[in-house]
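Chemist: Dumping the structure here so I can ask a few things about it.
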Amino acid sequence: GSMERQANTPLEFRLQQLHALLKMITERETDIATALKQDLNRVRYDTSLLELTGLENEIKLAIDKLSVWAAPRAVERSILTLSDQVYVRPQPLGVVLIIGAWNYPWALTLGPLVGAIAAGNAAVVKPSELSECSSLLLRALLPRYLDKDLYPVVTGGVSETQELLRQRWDHVFYTGSSSVGRLVMEAAAAHLTPVTLELGGKSPCYIHSDCNIRVVARRITWGKFVNCGQTCIAPDYVLCEPSVQNQLIDCIRLTLLEFYGADPKSSPDYGRIINQRHFNRILSLMEGYVPVIGGQSDASQRYIAPTVLRDVPPQSRLMQEEIFGPVLPLVAVSDIDDAIRFINEREKPLALYVFCTDQKGIEKMLEETTSGGVLVNDVLMHYTLSSLPFGGVGHSGMGSYHGKHSFEQLSHMRSCLVRSLAMESVNLSRYPPQDRRRARRARMAMRAFSSRLNIFRK
């Protein structure tokens, strides 16, 4: 806590830091891609596609819009405040702790930082220790580009993170699992610190029987197996009728051949599991099933083939915890109502994917379910749109960010009313001694005015 409580950096400084961050990402793209190749065996094109381009767009948007976001926002007045200035003035919270995630270690760590800088905060950045090369690279790079007093990088594991959480922050921004999310919120509660929790859960994917399954299979296969299934908004499992299951399996098999060739293990486009513990965890989830596609694995490489399992019982362990790997269970449902019931019996997911061409069916799904975000006829793409708030609900988290939403998440929206000492006669009816006449006059004046206001509003 050597940083003073009110960071409140001037707008020019914020812009300069945002430009520097953009410079870092563009200049160091090759180094970043190399680190991710080592951490996740990620092909370099996927890194620019899935992480860096989105980050660059976020930074450019913040640079472009900062003066508008940070400006006081006038709000509607009432009869009692007619001649006052009434506005909301965004203010920095102070010092933000950002705890990043290992699966997209740049986007999920620097994305929140863009919001913190734009809103005028100082921030301590804690990358995940599991994506080790990326974490060390970030620690080496960030101080070369950004103000190292205001935006230090702290590396380390569980004990370092626990030590950080014991400190007092003005906001904690955490991306990761629900179990750790609980610990973060508990630690923050000690200081009444607000939190943003970007968690995961099992994001369902419903496929209606009226779809072009070939196209559906291509989109789902991409969303599920990109980054080796280690994406918080990956489709976790598929709900569809048994007749759709058969077509889907054939089409996924075909799509996998197109994407990764006959042996995904030798494909440059197919990733690896982050570490041995997660490799073992995913394998244990698959135990007792005969895969209809894939199933092969190699511990020495932490390789698990793209795998599809069919007729998975809803009460199985595979259907209790987030898979976070390249395993896609297919669960049979009898119709759209059955699917909705299935989704609603479980925790609210971070994303919900609905494949359906019938407008009534789409509307029904949107109306009768809830999730952090929902996509119809595609996967993952809502994450790329800065105008949409990205975040969860219930067990999938709280708070949201991206674009203007990041700025607002990491600002205090301060209510301001500025009035004059003149025109005291207007206030007389509010003062004691009160009687029925005075109270009635005040009430009638307010009512008459609000009805007149409504005419103007039309």
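Residue numbers in this text run from 1 along the chain shown.
Each Cβ is built from the backbone N, Cα and C atoms, and glycine gets one as well.
Predicted automatically and left uncurated, TrEMBL annotations should be read as such.
TrEMBL feature annotations, pasted as is:
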type	residues	note
ACT_SITE	Glu198	active site
ACT_SITE	Cys232	active site
DOMAIN	7-414	domain 'Aldehyde dehydrogenase'
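Describe the structural surroundings of these features, if you would.
Modeler: Around Cys232 (active site), the same-chain residues six or more apart in sequence whose CB sits under 8 Å from its CB are Ala101, Asn103, Thr175, Glu198, Leu199, Gly200, Phe324, Leu350, listed in sequence order.
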Chemist: When a 10 Å sphere is centred on the Cβ of Glu198 (active site), how many other Cβ atoms does it contain?
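Modeler: Other Cβ atoms found within 10 Å: 26.
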Chemist: Return the average pLDDT for the domain 'Aldehyde dehydrogenase' (7-414) as a whole number.
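Modeler: Averaging the confidence scores along the domain 'Aldehyde dehydrogenase' (7-414) gives 96.
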